[in-house]
Amino acid sequence: MTTTTDTSVLAARFQETFDAAPDGVWQAPGRVNLIGEHTDYNEGFVLPFAIDKTAKVALRVRDDSAVRMLSTFGGHGLVETDLEGLEPGSGEGWSRYPLGVAWALKERGIDVPGFDLLLDSDVPSGAGLSSSHAIECAVISALNDLTGAGFAAEDLVLATQRAENVFVGAPTGIMDQSASLRGAKGHAVFLDCRDQHVELVPFDAEASGLVLLVIDTKVSHSHADGGYASRRASCELGAEILGVKALRDVGIEVLEEASGLLDETTLRRVRHVVTENDRVLQTVELLSSNGPASIGALLDASHVSMRDDFEISCAELDLAVDTSRANGAIGARMTGGGFGGSAIALTPVGQEQQVRDAVVRSFAEAGFTTPDIFTVTPAAGALRLA
Ligand code: ADP
Ligand code: MG
């Protein structure tokens, strides 16, 4: 699955495939959310970072409206289609992501020509690292440059959201593409999902002698979609009863009062969102003042809140988190939407191997699928390579 091809090799493969040189090569990263889960659609705060795993695209615009696309990822053949008459819902598989952002730019009045595209991504697919947004952000960056549209990153974030929501039909927020388009090396992206305000927060784990391990449990439980919808509904209900536009507007000091107004389940859902927003703010403050080694307890508290109040964890994620903590990680939590996907464990460099071995062993003993474990570092957002 992982392919790290350098720019000139990718350009050469493009030449072989399409019989012409690409106009350029662009890359955009996947992302990991450090903290702030299920706060985005409550107009709250998130703190993702762009990772050192990227989707690279070599792209050449055409003088007609045809589109030809190939991924180096095994099992995908050449996709041939046309931008003429492109409508939401059209396209299949991964081709929906490049087509979706082309459609979103057209919707904004940009005259998008056809193109030839070669994709090479080492962002693991379906692991909760947003491989789909990495593709979209790489392609929209390329088209933004080559058409002369010149949109700022904030606009590209919204166009990419239109592509996902309307063209692909996935009800996602703005976190993933904000991290991918606006991330920076050694930093996390503090994003206010209400007004899209971004602040880069120093997060250089390596300099603090820490590594951030991602533990991909490789499971995706079937109730994930229903679980997501029902959590969203609970949040909306809570906001309505409390008389606010979104749970973002509920302060932690109001929680006690709220307890008399909400049924037991809704109270716990609301409590997760309200305390999680507060944890994001605390994490931002601590990262700026004391550095990455000081945020472990907040990561732990975030996991407990998702496990007990929001109830979106699962046995595999809990085992990954508990085993990491018991073997030297200074903080760990599930990350992403829940019901499977990945956990993260902030770990002293010297403990890394022990955590890895212990997690693999505990999964084997529990009869779970062997997890994929790898490190990520906060890396640059989308950029043009050539
Ligand atoms: P996530 O974004 O969390 O990784 P998604 O289900 O949103 O999960 O996106 C995964 C999809 O992205 C895959 O089903 C595939 O269509 C596409 N994809 C990811 N990586 C590649 C790749 N290297 N080549 C082609 N398609 C890819
Ligand atoms: Mg995705």
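Placement of Cβ uses the backbone N, Cα and C atoms for every residue, glycine included.
Taken from TrEMBL, the feature domain 'Galactokinase N-terminal' covers 13-60.
Taken from TrEMBL, the feature domain 'GHMP kinase N-terminal' applies to 97-183. The average pLDDT computed over the domain 'GHMP kinase N-terminal' (97-183) stands at 96.
Residues or ranges marked as domain 'GHMP kinase C-terminal' in TrEMBL: 285-362.
Note on the domain 'Galactokinase N-terminal' (13-60): DSSP counts are 9 helix, 28 strand, 11 coil.
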